[in-house]
Amino acid sequence: MGAETPTNRGPDAARGGGLLQFALHVLKGRWFTVFATFLIMAGAGATYLFGVYSKQIKSTLGYDQTTLNLMGFFKDLGANVGVLSGLVAEVTPTWFVLLLGSVLNFTGYFMIWLAVTGRITKPKVWQMCLYICVGANSQNFANTGALVTCIQNFPESRGAMMGLLKGFTGLSGAILTEIYLAVYGEDATALILLIAWLPAALSVVFIFNIRKLKAERQPNETRVFYHFLYISIGLAIFIMLMNIIQKKVEFNHTAYALSATVICALLFLPLFIVIREELHIWNSKINPPIPIENPIEPKISIEESKEIKNNPDPKPYPPPPSCFSSICNKPARGDDYTILQALLSIDMMVLFIATFCGLGTSLTAVDNLGQIGESLGYPLKTVKSFVSLVSIWNYFGRVFSGFVSETLLAKFKFPRPLMMTLVLLLSCIGQLLIAFPIPGSVYIASIIIGFSFGAQLPLLFAIISELFGLKYFSTLFNCGQIASPLGSYILNVKVAGMMYDAEALKQLKEMGMDRAAVKELTCIGKQCYRKSFTLMAIVTFVGALVSLVLVMRTREFYRGDIYKRFREEVKQETSVGEPAAVESK
């Protein structure tokens, strides 16, 4: 007797069994991995909310601005030094990376919540720095486990994929803010509790759905990504509208709950696209197209076919060396570099300097946004609007740099490093608007800095993957971010923080008081950030000039077909696994 299929078990059995099999097919598919990663990324941007709850940390623990900025530095250090997560991903399965990240996320932020709410003895400064560093570092485990896996599953759409995934991370701050207002109300300390348990829960729920699958490009792949893009744009526009309306109208708990419900519905809308695409794949497997014999391709016998399957041809690319070997003998750009080959290359060093300048100054602006608004006399509600604007335009910057750079590269061979130069020049304008504020300029600065900050990350990750290959991408893209916290420490703690405190002490002295007379050191006026952000604008401009060096070094590489290798590998795997034409004797 033949094996049972859905067609010979009766209509009811076929319908029930086929539905279950299709559901399993969806859950195991590449597109469901993308949807799961969207949700994980939507909860992985808790670090961008530091400007909302930092005021509570400062007031309840009695910190000055330098101490608060030191916490901000350790937050940035944890968020950007992801070498540990990259190395863990090299030797452990993806589910372990995600699980470890969820544990770190909950532990770090839960301890901060306990400290701010007075449920534990007031921690020392180094302990608070450790807690926020651990909590923020969990973001790298989400990136490494989910984002890197998706890039490996869709290598020829890495720009669009990078923009979408990092775009959801950019929206994460605004999404979490709306959810916390719906669940906890105006209690800002409850936001810390929310970012402790929700991102951790998302990683655990999808822990076995995120995994590396065969990278096989579909004909309509780009169109599908644009459908995802339209949904995410709709989500961003809705959040922005809610942000504007909440400034004009006093929302009650029901209104916040309704807003959060719509946001959650939009977050799950991509699932319908996933089901549609997996249904097409499912139908193509059930009813495969009739193969058309290629007259040019030589026919082979059944015996020869079996011989090919038993002894497949070796892969055209030799096995890569160990990840720490052949440091001086570097491969061509686009091939798989080892870790040390990439880290010691001139291209990576140039990227390091540009990232130090660009992301370092952007993080300084984002971390000080609460105090910038306070120094200029804006109320707390308006300061929250600045943070939401940064989050929303952070999203637009990410999807713009991902999709637009991919389109310009495909159609006009426009190099991604040149787009990074333009983004850094735009960031200079935002820094100057903070240094020399006029009425309403902080709104514009929040938009510009949010957009340019968001645009830098997908460009950085895509450039690293294109120049150094995907073999060790999980480690290299985390190494590429190390310059960011270093820039944040020097520019945020040592420059912006100390200049702010010096101006605040000057104001206290003018009032005949000293530091011991006040619990919280506060500076009021335009002069609080004038000198520091003038310097930020200069540093960002230097970063733009440095990035032009990379443009010149890689111009020939980007004129070629940078994705040719991946198409050849897929074609080779297909030809080895499925001999095209077989002739019986």
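Please read every residue number as a count from 1 along the shown chain.
Glycine is no exception: its Cβ is also placed from the backbone N, Cα and C atoms.
The annotation domain 'Nodulin-like' is assigned in TrEMBL to 30-275. Per TrEMBL, the feature transmembrane segment maps to 31-51, 95-116, 164-183, 189-208, 228-245, 257-275, 342-366, 417-436, 442-464, 533-552. Marked as domain 'NFD4 C-terminal' by TrEMBL: 343-558.
Spatially, the transmembrane segment (95-116) is adjacent to the transmembrane segment (189-208); three or more Cβ-Cβ distances between them are under 8 Å for residues at least 6 apart in sequence.
Within the chain, the transmembrane segment (31-51) has long-range Cβ neighbours (under 8 A, six or more residues past its boundaries) at 72, 75-76, 78-79, 98, 105, 109, 135-136, 139, 142-143, 146-147, 149-150, 153-154, 161, 164-166, 168-173, 175-177, 191, 195, 198-199, 202-203, 206, 209-211, 213, 224, 228, 267, 270-271, 273-274, 277-278, 366-370, 383, 386-387, 390-391, 394. Just going by CB pairs under 8 A, the stretch in 257-275, 342-366, 417-436, 442-464 that sits most against the transmembrane segment (533-552) is 417-436. Long-range contacts of the transmembrane segment (257-275) within the same chain: residues 26, 29, 31-32, 34-35, 38-39, 42, 175, 178-179, 181-183, 224, 227-228, 231, 234-235, 238-239, 242, 251, each at least 6 residues beyond the stretch ends and with a Cβ under 8 Å from a Cβ of the stretch.
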